[in-house]
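One structure is given below, encoded as structure tokens.
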Amino acid sequence: MIRFEKVTKNYPGPGKPALDQVTVDIDKGEFVYLVGQSGSGKSTALRIVLRELRPTSGRVYVAGKEINRMAGWKVPRLRRQVGTVFQDFRLLPNKTVTENVAFALQVIGKSRREINRVVPETLEVVGLKDKGSRMPDELSGGEQQRVAIARAFVNRPMIIIADEPTGNLDPATSVGIMNLLEDINKRGTTVVMATHDHGLVDQFRKRVVELDQGKVVRDEAAGSYGFQH
Amino acid sequence: MQLRYVFTELRSGLRRNLSMHVAVILTLFVSLTLAGCGMLLQRQADKTAEALGNELQILVNLCVVDDPNGSPTCGGGAVTDPQRKAIENALKENPEVESYEYQTQEEGFEEAQDIPQYEPYFDGPDPIITVEDWPPQYWVTLKDPKEAEGVKSAVEGLEGVSVIQDQREDLEPVFGIIDSLKYGSWIGSGLLLLASLLLVANTIRLAAMARRREIGIMRLVGASTLYIALPFLLESLVTAAIGVALTAGALAAFTRFAILDGLADVIEFVPWIGWDDYVQSLIGLVPPGILILGPALTLIPTLLLTRKYIKV
Ligand SMILES: Nc1ncnc2c1ncn2[C@@H]1O[C@H](COP(=O)(O)OP(=O)(O)O)[C@@H](O)[C@H]1O
Ligand SMILES: [Mg+2]
């Protein structure tokens, strides 16, 4: 589903590469943690999957396509297959919960009928069935992140990429978000989650890929967070 | 494709940047009006030169039957072919002549239809002037406008020459005025067009800033570049449409009040532009008319800048 072959990324300017000869292969339906200290290259790797960034060298395959050589006009199609969730939720503050989720479908040209069917369904999946008409600032952090997950999932992508989705949440709320991501994963969606939340990684055992200064230093099925922090 | 979002955005975009849009529309309006006036004046100059010669030309009228000037060199009635040959040779050999062109009676008669002062003579079932009365002419372009005496005296006495028309003194101020107005319009228009380009660029930048969050999410969920750019393009198109409509009105007023009801009544020996020239200034291709210029001036910077701001 996602495959990195000897991927190196140098940002402009001096300094070590953000990713250094990274080779990882993630299958359909897997749940993978990407762990490592701040600055180890997790976000860089995720942005490469979205083709927000291009690697300096190496190949990246997503859903069977080599995305670095993909023509620019095909990139939107790639992104429709990859849902994204961020630490800071990124909701539109002047739209209701329902409108925020519907927005993702509107702007890719889905019909109103389909939107009216799928959005409530998805809000139910994330446990916000009754809060569709709330504004984002009327929700708790955990609920806002559920809206963001609903928006990422509403188009039923093959992959969900989450960059520190629990970074702004307290531990109890984080567990709820993890349960939700696990649920989505069980429905067949591949989930890649960058995190440095030890507790979660140790509690919800999944495959762990650890980065250190841009290099893969560990790739372990059902691993723990490890000793470094 | 669901365009509800696009139109909602268009409306809120127009409202959000109302003052900028008004500024764009006004500069666009004034600059396009000046450009249009420049085009009309250019057409006026061309038309005048076509009918009466330009400031470098003198006209040699040849004899017709019953020559109205009663010139002694017209003794034999209408000019004959051998006479015409001789006249043409004299022109060919004269050092003051840059070039010359022969205009038949029909061509000359056709051109003269637009000149206001002749109008009464062409009218009616039994017009005073017909094609047969219109003299064939040589249009002689001089090398140096100050040196015309040599060619005039060389041709003057030849058989078949009725009269030599030198209207340069009358035409010079006409062309002078047209030219200075034309260049004035073009310079003014150029400066204002630059100003409207910059205003458009600024408007886009502000709009892109205001919509940064939405644009970020649209890119993330896979909206196409065109879809993201559409509200911007439509905003530009709306301002262009209003600017063009105002310009079309202003140029119509210019044609009506300045030309048809103004100059054409005062200066009667020049053929004046009319509504067909007005239409050309709107939809012409070369030079591009207002209907092309206006949208191009707003859409091209919009396309370039949205590409920059919403790059996927
Ligand atoms: N836009 C950027 N320009 C330059 N350097 C960057 C940029 N983004 C990240 N980096 C650098 O790349 C390295 C990896 O960063 P990142 O992928 O954000 O790590 P993580 O998400 O694991 O914290 C860091 O050293 C960071 O400073
Ligand atoms: Mg990061």
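Any Cβ shown, glycine's included, is placed from N, Cα and C.
Feature list (source: TrEMBL):
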DOMAIN    B:79-162  domain 'FtsX extracellular'
DOMAIN    B:187-284  domain 'ABC3 transporter permease C-terminal'
TRANSMEM  B:21-41  transmembrane segment
TRANSMEM  B:183-204  transmembrane segment
TRANSMEM  B:225-258  transmembrane segment
TRANSMEM  B:278-305  transmembrane segment
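In the domain 'ABC3 transporter permease C-terminal' (B:187-284), the DSSP tally of helix, strand and coil residues is 85 helix, 0 strand, 13 coil. Among the stretches B:21-41, B:183-204, B:225-258, the one making the largest number of Cβ pairs under 8 Å with the transmembrane segment (B:278-305) is B:225-258. Residues 17, 20-21, 23-24, 27-28, 30-32, 34-35, 37-38, 41, 232, 235-236, 239, 297-298, 301-302, 305-306, 309 of the same chain sit 6 or more residues outside the transmembrane segment (B:183-204) yet have a Cβ under 8 Å from a Cβ within it.
When pLDDT values are averaged over the domain 'FtsX extracellular' (B:79-162), the model yields 87. Here the transmembrane segment (B:225-258) has long-range neighbours at 1, 3, 6, 9-10, 13-14, 17, 21, 24-25, 28-29, 32-33, 36-37, 40, 200, 203-204, 207-208, 211, 215, 218-219, 273-275, 277-278, 281-282, 290-291, 294-295, 297-299, 302-303, 306-307, 310, 312, meaning same-chain residues at least 6 beyond its ends whose C-beta is under 8 angstroms from one of its own. Counting only same-chain residues 6+ beyond the ends of the transmembrane segment (B:21-41), those with a CB under 8 A from a CB of the stretch are 14, 178, 181-183, 185-186, 188-189, 191-193, 195-196, 199-200, 203, 235, 238-240, 242-244, 246-247, 250-251, 254-255, 259, 273, 277-278, 280-282, 284, 287, 289-290, 293-294, 297-298.
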